[in-house]
Amino acid sequence: MAQFFKAKPNSSKQLSAKLSLSVNQLDHLGAGIAQHQGKVVFIPGALPDETVTVQLTEQKKNYARAKLIKVDTPSSERVAPECPHYHTCGGCDLQHMSLSGQREHKEAALLDIMAKFAGAEGGTLSPALTGEGWHYRRRARLATLFDKNTKHLSLGFRAASSSNVVPISQCQVLAKPLSDLIVPFAKLLNQLSAKASLGHLELIAADNGHFAVLRITKALNDKDLAKLSAFAEQHQIHICLQDNEGQFQGVGAELVLPVYQLLDDKAESDAVSLSFTPGNFVQVNGQINKAMVAQAMDWLAPAPDERILDLFCGMGNFSLPLAKMGADVIGVEGVAEMVTQARVNAKANNLDKLTFYHGDLSADLSLEPWMGKIDKLLLDPARAGAFESLQWLKKMKPRKVVYVSCNPASLARDSAVLLERGYRLQQLGLIDMFPQTHHIEAMALFELTK
């Protein structure tokens, strides 16, 4: 009878054993990398040049994962995390590393990915777009968890790789006025009779005030509405409710939309503002978003009457400033609600050289009314990237392409397409949109050479 080899499962003895390892680098997700018995070992929380005591948690053929038990020899980049919830909340994962160290790591990781997967080693490395390391988030969504036994509602963030809600009293990366509202909101929500029917709470800091969006699964009674209204007045915040159908209703007043300015240091006549409904996507780091928009304008250098295509345009984060500078701009977005809001924003900013379309940018674009020769192209896709859209470069033939990316892996893949089509990487720069986390965003400029 034939006998087949069956790999033995990880023994409890193997996994419970404690090891002393030397960490030599970070992976792209911010975990320390060490070597043990010919395998790569990933250690969240460990830093390069550290000697650490770890416990293996997972063994695979070519790699292992381990839990950090103790830092025996700390790195010069190691710092004490500022947030008391750091080791339980799933939001941040690099607070134990200096801000300068984080940025150096992210920049090196970006260059490594681009060289390895795109073969893109040319071009000029632009200075990273950086800002405040703490209290930079102007928007956050807090989860709620109602305990049927204690009748208590917890308000916080979800733990890493878990649906468990970690109650928090503050958030060191959330705008300070919003962070200061967490405890008062938790107290308020526990006073509502409908607390078992409450969903997430979203907090927003905008240029025209502070906002809170409370998700509800059933209508609130008058007493609960009165409590919310009194809270809004006391804390000078706009509160709105979002029902099961996704509709929004203001509490104690008409619904007010948050507004952001997109460009800094502009005279009133040159200002560009963007309003949005609470359900729309916006960049959470306002300081970096302004710098990012300014850099995109500088790299694209839009001239009057140039035809510029903005794919994955959202509500006009880049389209509006491009049109303000005199270009004929076409914005295309896959989410219909955001296209509607983009048109509202164009009208509010008195921009008439701007047209928005709704469309699936992963589909056949050959018959789209906007498809054709353009002067310049801006791309700001989601994490999946813009691979399908770039297949139509021959029809568009832009002289310049600015690619704004929230995923270096898809940026590298798509950069390879651009390089194959005769474009050269001219500029590449890190965008540190999310300090204290491993997340890497970037901007790249390509120019047609043939």
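From the backbone N, Cα and C atoms, a Cβ is placed for every residue, glycine too.
The structure displayed is predicted, hence computed values, not measured ones.
Among the features that Swiss-Prot reports, active site, nucleophile is placed at C406, with the record citing sequence analysis. Sequence-distant neighbours of C406 (active site, nucleophile) (same chain, 6+ apart, CB under 8 A from its CB) are A382, R383, M433, H439, E441.
Within the same chain, residues at least 6 positions away in sequence whose Cβ sits under 8 Å from that of C92 ([4Fe-4S] cluster binding site) are P81, C83, Y86, Q172, V173, Q436, T437. The [4Fe-4S] cluster binding site feature in Swiss-Prot is assigned to C83, C89, C92, C171.
The S-adenosyl-L-methionine binding site feature in Swiss-Prot is assigned to Q283, F312, N317, E333, D360, D380. All protein chains included, D380 (S-adenosyl-L-methionine binding site) registers 23 other Cβ atoms within 10 Å of its own Cβ.
Residues annotated as domain 'TRAM' in Swiss-Prot, with sequence analysis given as evidence: 12-70. Counting residues of the domain 'TRAM' (12-70) by DSSP class, helix then strand then coil, yields 5 helix, 36 strand, 18 coil.
Taking each Cβ in turn and tallying the other Cβ atoms within 10 Å, the top scorer among the binding-site residues C83, C89, C171 is C171. Shown are the binding-site residues Q283, F312, N317, E333, D360; of these, the residue with the fewest other Cβ atoms within 10 Å is D360. Taken residue by residue with DSSP, E333 (S-adenosyl-L-methionine binding site) is part of a strand.
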